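Structure first, commentary second.
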């Protein structure tokens, strides 16, 4: 049996036609889904025979809520979701003045091996389908009772390691027949799989591309990100310049600041020289504490100096505001803790 959420409207129309149903029933079905109705039986404007046929051939792959944590400030909600096969992922809703943003997962676990990230501990279990990625937004919207208007593909998993499902998901949520979320309200974060960035460029999307750089030289990057053994920083920067020229979009470079690893003035100068003249922005992220590592965030004064050094190279940077620290809102932390508790560790 298939997850009907893996179908877009055009595909479901084809299925309806092939199975003797009126094609407009596909739109009716998705109207119910996008308005928070996740049971065939409750879709009252679909004939009973249609509902029964759908139920016989499909299931609505909506995850169940394992855990919901609300931050004390009320600006962050973190969910642990369980899919039909028992696999667990997490997503985070962040509430801003301009609307609600959601950070979603694209894989169960991750195989990229970045040493500062909890998501990669235990490796990659499997890819999420386009429908399973979509379901995170639909379920979160229903849980909080508010619309989500911004999407960040920055949860567990490497989006470009699950390329086809992620691209299909983006096109579904961007479609007027889907959630109608503008492409410029969607950010895709990657550790830098160069061939896939070129593929993404050819999709001609207007999403924001965010590169998890986290170092300004290959030697340092190799210590914290295994992907650096495959693609050098110079290859990534060259690729990003071409991507930006082709799409006209500014690139975001993410840089996790780790005390005594990549937070010194020399690292900031190298980063400034590397990105000078590019249409880009740097997002500085004081590293989150992960029990399995000894990494610590630098002092505030050192973070500010790093920022000031980049400014000398005319590179705009922001220091990411910490949200949901009291609920383990950083990528992979809650899932990891839950798995360890379940295993009695």
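Positions of Cβ are set from backbone N, Cα and C atoms, glycine also.
Here Swiss-Prot flags 90 as active site, proton acceptor. DSSP classifies residue 90 (active site, proton acceptor) as strand under the three-state reduction.
The annotation domain 'Radical SAM core' is assigned in Swiss-Prot to 96-326.
According to Swiss-Prot, the feature disulfide bond maps to 103-331. The Cβ of residue 103 (disulfide bond) has 26 neighbouring Cβ atoms from other residues within 10 Å, across all protein chains displayed.
Annotation comment: Swiss-Prot describes 110, 114, 117 as [4Fe-4S] cluster binding site, evidence class sequence analysis. Close to residue 114 ([4Fe-4S] cluster binding site) in the fold, though at least 6 residues off in sequence, lie 120, 191, 212, 214, 224, 225, 226, 227, each with a CB less than 8 Å from its CB.
The S-adenosyl-L-methionine binding site feature in Swiss-Prot is assigned to 157, 158, 189, 212, 213, 214, 288; the stated evidence is sequence analysis. Close to residue 157 (S-adenosyl-L-methionine binding site) in the fold, though at least 6 residues off in sequence, lie 105, 106, 107, 108, 109, 110, 119, 124, 127, 128, each with a CB less than 8 Å from its CB.
Feature annotation from Swiss-Prot assigns active site, S-methylcysteine intermediate to 331; the stated evidence is sequence analysis.
The closest partner of residue 103 (disulfide bond) among the binding-site residues, by CA position, is 189; the full candidate set was 117, 158, 189, 288.
On the backbone, the CA of residue 158 (S-adenosyl-L-methionine binding site) and the CA of residue 90 (active site, proton acceptor) stand 14 Å apart. Here the domain 'Radical SAM core' (96-326) returns a mean pLDDT of 94 for the predicted model. Farthest C-alpha pair in the S-adenosyl-L-methionine-binding residues 157, 158, 189, 212, 213, 214, 288: 19 Å apart.
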